[in-house]
Each structure stands twice: as structure tokens, then as C-alpha cells.
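Input: a single structure, listed below in C-alpha cells.
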Amino acid sequence: MIKEASWRYTPKNFDKDGMGQMYLHAAQVSVLRSANAQRRGRRPVSVVVRVPSVTMATVPHVVLSAVGRVQLGRRASGLTSAHARLDMSAGGATVVTTCNPQCLHGGACVRPNLCRCFSGYTGDYCQTSLCSEPCDHGGRCIGNNRCLCRYGYSGSQCQIVACGRRCQNGGRCVGSNRCRCPKGFQGKLCETPICSPPCVNGGTCLRPGVCACPLGYQGQRCQEAVCSPVCQNQGRCLRYNTCKCVPGYTGHRCQTPVCRPVCMNQGRCVGPNQCLCTSGWTGLRCDQPVCRPFCKNGGLCVMPDVCSCPRGYIGADCSRLVVVVVVVVVVVVVVVVAKFFQIVFFILLCHAYFNYRIWLQCYIIIKHESRSVEHIEFFNTAHGFTGVSIGSMRYGLPSEGRSP
């Protein structure tokens, strides 16, 4: 026997008229607890009353207390699990009660012992399937031997395992372990994103068209190597922190110009084959000395501000002409010794002036046999100049045996 039940009270569910009677609005009152039926050992029953939102209905024999308790009146005291219901005085109200036996396969009890069956089932308690063969793997019969299968199963009775594992990324199972993948994904379960064009340099396709690049690479496809600091002088970053230099440059960052051949005389390479020379030098390789003032009269600059002058010119810039005055003083001393002629030495003292004085020691070698001066030799002991012959000349000497 149902004695009492609890209900949820909200001001929106009930109105009170002038006589103090409660009116049930559109609401659902569920009996949350019921006492055991006292007759014939029946099981407890639950009573659910649903009233359409447009219907005002009174519920007789039910006392609604201010604290939210529902006390059934005397006329309701004889309710049992076999015909549990509440009397409704207003039309349009639907009383949903417990059906015995219960409605099967998801059917709903719409009035005592009357079930409203779910699609695919029929019978007083929805016990009869409309499919001659039952739907397997949790499939549901939707009529005329048609089963609505759960994900991953197919076939007329859902007996075929279509995809053992669920297709990913929005893929759809279209056959035995076959997934139809959406655009941008591939793989048996559509688990692999597609990057087109593909990621390079070890990049990983993170999602369609997006690459996750490893250290040292960047770009949509990880195609750009990263060099830090950047390559200079139009060098190209070939791989992580590795520059490929254009001709004329070298170094880790292509920062050093190349000069071939190298700059000389402490010149500095400032660009491809471009030397910056120190003072006193010029030329592409700083190999040409500079003389200021310039060497004149055919003089050659051999060192910075040092000229090598041609014969006949002197001076820092070879601008002065050389005048040679040679004064030759010949002193001939003839020594005659009794009967024999001895070798007579003629000493010639040559005095030359070349802007500065150079002494030449000269010898006249006379052969007494021929009674002639065979040659004159000049010796410069200071400069190593020697061996200049100026010819022969006759001179008169008494013959051998002749008296003086």
C-alpha cells in the first residue's frame, strides 16, 4: 500500500486559489519513495504524474503540505502495484503508471498495463521484435527486418565487425576495418594528418598543412634553415648554423673577404680581391712603391720615396745631372841602372770629381822589351772597378848595350 511520497516543490509548479486549494501546473511529480504493498506481497511501486503545460488540473485526495510532503488521501489508500494511479479530475492530463510486467526494449508505460513500444518492437509489453533475426552487437530493430547498428558494426543483423577500432579525425567506417578519411587525413584509422607539399628536414606534420619543425629549421614546410647570427654578404644558410658563401668571401658567417693573391706589404683585404694599402704602397696587391716627388729622367722607384737613377743623374728624384772632370797628372820617373834596364813604374795619379771625390790608383805597365807602354790599368780599391785598357804608346829609350 502506498502511504506517502516526496515531491519537489517550486512556486512555478502550483497555484493556490481563493479557497486555499492547490492547483498543479505543467510539471512532473515523481514519487521518490513508496511503501511496500501490503496485499499479496507485491513489490513497491512508483507513481509518476505528467500534466501538459496547457492544462490546469486539480489532484483530489492529495494533500500538498508547505514542507513539500505528499500525503495520499483515503480514496488513494487502496492503491496497489497492480493498478497504481492517481485520480485526475481535469481532462488532458496523462497519468503514467507502472505496468506489470514492465515494458521491454525501451517501451514506455502510458497507462496501467499498456506499453508504448519503441520502434522495431510490438506486443503488450513490447516483447516482440519486428526483425525475424535479432540485431547483434547492440543493434536496434527499426522495422521490416532492418537493424540500426552501433558504430563499428554492419550487416543486416549487425553481425559484421566493420572497424575493430574507431576511425579518428572524423573518419567514417565503410567496411571491414576500412575507414573513409576526411580531407587532410590518411591511414588505417585516419590517424595521420597530410601536409602537402610534405614537411622536409625532419619536420613532422602536426595537422593538415602545418609542420612542426626541428631545431634549426623554419617555414611552412621546414624548408628554411636557421643561421644565428645570419649569413653575411649574400651568403645562404645551407643547414643549421652553416652558411654557404658566394665567391670572394669565407668564414662561418661569410664575413671575411678573400684576396688572391694576398695583399703585400701589410696591405689589408677589404673586399673580394680589393686591398687597402699602407702609406707608401699602391697597386692591386700593394706591391708597387710610391715615390713623392716622382722619380724623374727615367729613374725607377724601388722603395717608398727611394729612386734608382740612370747613369748621369743623381738626387732624391734623379733631377741632377752629373759633370765629370778628370785631371790626369802623369809623373814619369825613369830609373836607369847601370847596364840593364829595369822595369820602370810610372805612377799615374788620377783625380776625378763626381760631386764627391773618388780616388783611382793607376798603373802604367811598361815592357822594356818592346819599349812601349802596353796598357794602362785603373784600379778603384773602394768600389772594385778594374781592368780598363786605354791603348799603347811608344816612348824612346836607349837600346841595350848602348852608352847613355
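Note that Cβ sites are derived from N, Cα and C of the backbone, with glycine treated the same way.
Per TrEMBL, the feature disulfide bond maps to CYS131-CYS141 (among others). CYS131 (disulfide bond) carries neither a helix nor a strand DSSP state and counts as coil.
Summarising the annotation, TrEMBL assigns disulfide bond to CYS149-CYS158 (among others). Residue environment of CYS158 (disulfide bond) contains 22 other Cβ atoms, counted within 10 Å of its Cβ in all protein chains.
Secondary structure at CYS195 (disulfide bond), taken from DSSP and collapsed to helix, strand or coil, is coil. According to TrEMBL, the disulfide bond annotation covers CYS195-CYS205 (among others).
The DSSP secondary structure for CYS222 (disulfide bond) is coil. All chains included, 21 other C-beta atoms sit within 10 angstroms of the C-beta of CYS222 (disulfide bond). The disulfide bond annotation in TrEMBL covers CYS213-CYS222 (among others).
In the three-state DSSP scheme, CYS227 (disulfide bond) is classed as coil. For CYS227-CYS237 (among others), the entry in TrEMBL reads disulfide bond.
TrEMBL lists CYS245-CYS254 (among others) with the feature disulfide bond. In the shown protein chains, 21 other C-beta atoms lie within 10 A of the C-beta of CYS245 (disulfide bond).
The disulfide bond feature in TrEMBL is assigned to CYS291-CYS301 (among others). DSSP assigns CYS301 (disulfide bond) to a strand in the three-state reduction. A 10 Å cutoff on Cβ-Cβ distances gives CYS301 (disulfide bond) a total of 18 other Cβ atoms nearby, all chains included.
Per TrEMBL, disulfide bond is recorded for CYS309-CYS318 (among others). DSSP gives CYS309 (disulfide bond) a coil state; it is part of no helix or strand.
According to TrEMBL, the feature domain 'EGF-like' maps to 127-159 (among others). Same-chain residues lying 6 or more positions outside the domain 'EGF-like' (127-159) and placing a CB less than 8 Å from one of its CB atoms are 104-105, 118-121, 166, 173, 175.
Annotation comment: TrEMBL describes 191-223 (among others) as domain 'EGF-like'. Panel annotation: around the domain 'EGF-like' (191-223), residues 168-169, 183-185, 239-241 of the same chain, lying at least six beyond its termini, place a Cβ under 8 Å from a Cβ of the stretch.
Sequence annotations record features per position, and here TrEMBL assigns domain 'EGF-like' to 224-255 (among others).
As annotated by TrEMBL, domain 'EGF-like' applies to 287-319 (among others).
Sequence annotations record features per position, and here TrEMBL assigns transmembrane segment to 321-354.
Within its own chain, the domain 'EGF-like' (287-319) has Cβ neighbours under 8 Å at 264-265, 279-281, 355, counting only residues six or more beyond its boundaries. In this structure, CYS318 (disulfide bond) belongs to neither helix nor strand by DSSP; it is coil. Here the candidates are the disulfide-bonded residues CYS131, CYS149, CYS291, CYS301, and by Cα distance the one nearest CYS309 (disulfide bond) turns out to be CYS301.
Neighbour density for CYS205 (disulfide bond): within 10 A of its CB lie 18 other CB atoms from the protein chains shown.
Secondary structure from DSSP puts CYS254 (disulfide bond) in coil.
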